[in-house]
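J.: The structure follows.
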Amino acid sequence: MSKPLQAIRGMNDILPEQTPLWRYFEGTVANLLDGYGYRQMRMPIVEFTELFKRSIGEVTDIVEKEMYTFDDRNGDSLTLRPEGTAACVRSVLEHGLSGGGQTQKLWYIGPMFRHERPQKGRYRQFHQIGVEVFNVDGPDIDAELIVLTWRLWGLLGIRDAVKLELNSLGTSAARAVYRDALVEFLTAHADQLDEDSRRRMGSNPLRVLDSKAPETQAVLVHAPKLADYLDEESRVHFEGLKARLDAAGVPYVINPKLVRGLDYYSKTVFEWVTDQLGSQGTVCAGGRYDGLVEQMGGKPTPGVGFAMGIERLVLLLETLGKVPVEIARTVDVYLCAFGEAAELAALALSERLRDQLPGLRLQVNAGAGSFKSQFKKADKSGALFALILGEDELAQQVVGCKPLRGQGEQQSIAWSALADHLANCANQA
Ligand code: ATP
Ligand code: MG
């Protein structure tokens, strides 16, 4: 017999034990975003390769070495999306959603693909929830994005475990001046830099700032500082953002070395980081990209957004023991029937209960095994009640109703009164 096939390395199944936590997380975020007036978008998972090259930048980790790119049968070069912003901007432009300066507050969720070295918190297929806002140029919206993530950490009970790092990259004009100064400095110290940084120096010098190489970090201590090159407009914007975060009571630290991996950012950049997940510590990251829409063929349109990594946040909830106990319970009522006639009655009774109690999570385990084994399964399911329907109960048109969690004896309840009984119990719990 041949060996069963396996999934692609770095692309994970999310198993039934894990999905309740995913759904809890995703549901919490979706409700939160509804509350702030964001509307969901759904974009394709595959786009023309050109889209990502143009938006993310040719000299970035993603485009240089992480994309899943292939030719389709027509010979078009396509890429599995490595992130969501590019496709979101493409879609907004294609459908005229940002036309006439109208504000768009959008979000999306789904898989992203990057050919990275798989490890804890870093996968080749991973999932993001992304949020993007178009046509708001003030720091109020940067603040709203950060404040709503802060609220999310509160809802999830993980505020103590995450820290906000903040920086401003300035306008692209200011950054160009800084880039020249940085390149001049780096060129003068080229022999002291690591190889990667020497290579990047010419193509994407800002990325040298977040190099992990100690020799490069030692040189950078004396490098010109981006903050000293900020233009007035960016400085005012950054001060406005900080004032709003102070007003909202959101703590932050300024990290002058935070430059982010993508080319399209301007002014605000931020990351929420944790020290609980080893080196994969960034759980949410984003920033402003005022030049991107124009760069992609649209009218000048301010934009700002972020994306969070669902795997990392789920991992963080597990690591911190912040998984609410009630989400593991997927069954409310477990109906055990014994004998052919009782099984038929159980099906009719269960369908009637579903009519009467919409949303009831009812598992029917007709026919499978002895009383003892069915009861074990009922208990293991986490159900609050087991309903027992045997020959005696059938004859009397009742069920035995046994509370599995709290106190209380088994009671005999008439079929006609069962829905009311269960509803009453739920109200009292
Ligand atoms: P990192 O520095 O960890 O590589 P990044 O800067 O490449 O992150 P972004 O492109 O900003 O990440 O994506 C936003 C978020 O998506 C990250 O903060 C992280 O939580 C998550 N993420 C990114 N890449 C991966 C991956 N390969 N596996 C799992 N999550 C990821
Ligand atoms: Mg990365």
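Note that Cβ sites are derived from N, Cα and C of the backbone, with glycine treated the same way.
Residues or ranges marked as domain 'Aminoacyl-transfer RNA synthetases class-II family profile' by TrEMBL: 1-358. Residues or ranges marked as L-histidine binding site by TrEMBL: E83, G84, T85, R114, Q128, E132, R260, Y264, Y265.
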J.: Which of the binding-site residues E83, T85, Q128, Y265 have a Cβ less than 6 Å from any atom of ligand 1?
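T.: Passing the 6 Å Cβ check against ligand 1: E83, Q128.
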J.: Give me the count of other Cβ atoms within 10 A of the Cβ belonging to Q128 (L-histidine binding site).
T.: 22
J.: Return the residues near Y265 (L-histidine binding site) by Cβ distance under 8 Å, restricted to its own chain and a separation of at least 6 in sequence.
T.: L169, V259, G287, R288, Y289
J.: In the structure shown, with every protein chain counted, which of the binding-site residues E83, T85, R260 has the densest set of Cβ atoms within 10 angstroms of its Cβ?
T.: T85
